[in-house]
Every structure is written in structure tokens, then in C-alpha cells.
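Visitor: For 1-19, the entry in Swiss-Prot reads signal peptide, with the evidence type sequence analysis. The annotation motif 'Secondary area of contact' is assigned in Swiss-Prot to 77-81. Sequence annotations record features per position, and here Swiss-Prot assigns disulfide bond to Cys95-Cys105, Cys119-Cys139 based on similarity to another entry. Per Swiss-Prot, the feature N-linked glycosylation site maps to Asn100.
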Amino acid sequence: MTKPLLLSLIFFIIPAALAVDVDQSKNEVKAQRYFGSISISNANVKQCVWFAMKEYNKGSEDKYLFLLDKTLHATLQITDRMEYHIDVQISRSNCRKPLNNTENCIPQKNPKLEKKLSCSFLVGALPWNGEFDLLSKECKDV
């Protein structure tokens, strides 16, 4: 039972290790696999969206939390980590910051407070280590 496990680990680790190329003269990491589409239902994409939303709400000066309406598109690039470029639509909720865990947040119904945004997040991840970094975010009113 250990041989098949060992072989599968070898076949996974070696290509992953070869996927990254560091240019020592420029001290930069080159992408070995450029952005390609990935399913929005992928577990890593969902983790990255959750992380990006948490970071967005933490950094936002809005008095209300924003909720994910839908994930529109996701792409993946492999460098020294996995980089997910994710396009989402989010909306202001009825929950004020800081969140009380007993609240059930729903999108804002008050027309004066309603707000929808289209956002692009770039999340660097080593999901197997639980490491996530929000590399960039850009949001525009819808």
C-alpha cells in the first residue's frame, strides 16, 4: 500500500517542483504555467474567494459587510505558488461591522444603502499549507 502512495507523491511533487523557475540574475520567479481557466466550483477557488472576501471586508472602510453574490470567472497561474485571478460580484449586506456571529446577513434591501460591486481578486495560495495572500484587488460599481 505504501508503494502506490509513494509513487503518486513522486509523480505529484516532481512536476510541481519543476513548474517554478527562478531567474537568479533578476531574483524573480517566472511563471511556468500561465493563466488558464479553472472551474469556479473548484475547492481551491472557493477557499480563495472566501479569503479574498474576508480581506476585502477587513480593509473596507464601509460600515457594512459585503457578501458574495456570485463568482463569475476564475483562472490559475502557477509560479512559486498557485495564483488565482477571480472575478466576482458582491453586494453590501444588512450586517454592520464588526460581525456578530448570531446575525444572518443578507443583501441590503434599503435602496439608499444598496450597493453592488464587480471585483477582481488575485490570490496567491499554497492551499495545502493553508497559506493565502491577497496580492491585488480591484472593484468597480455595477
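Cβ atoms are placed via backbone N, Cα and C, with glycine included.
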Visitor: Which one, from the disulfide-bonded residues Cys95, Cys105, has the smallest tally of other C-beta atoms lying within 10 Å of its C-beta?
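Guide: Relative to the other disulfide-bonded residues in Cys95, Cys105, Cys105 has the fewest Cβ atoms within 10 Å.
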Visitor: Could you state the whole-number distance in Å separating the C-alpha atoms of Cys139 (disulfide bond) and Cys105 (disulfide bond)?
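Guide: If we compare the Cα positions of Cys139 (disulfide bond) and Cys105 (disulfide bond), the gap is 21 Å.
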Visitor: Among Cys119, Cys139, all listed as disulfide-bonded residues, which has the most CB atoms within 10 Å of its CB?
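Guide: Answer by Cβ density within 10 Å: Cys119.
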Visitor: Helix, strand, coil: count each for the residues of the motif 'Secondary area of contact' (77-81), based on DSSP.
Guide: 0 helix, 2 strand, 3 coil
Visitor: Restricting attention to the motif 'Secondary area of contact' (77-81), give the mean pLDDT.
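Guide: Mean per-residue confidence for the motif 'Secondary area of contact' (77-81): 94 out of 100.
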Visitor: So, in DSSP terms, is Asn100 (N-linked glycosylation site) helix, strand, or coil?
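Guide: Coil, per DSSP.
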Visitor: Distance between Cys119 (disulfide bond) and Cys95 (disulfide bond) at the Cα atoms, whole Å?
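Guide: Spelling it out, the Cα of Cys119 (disulfide bond) and the Cα of Cys95 (disulfide bond) are 20 Å apart.
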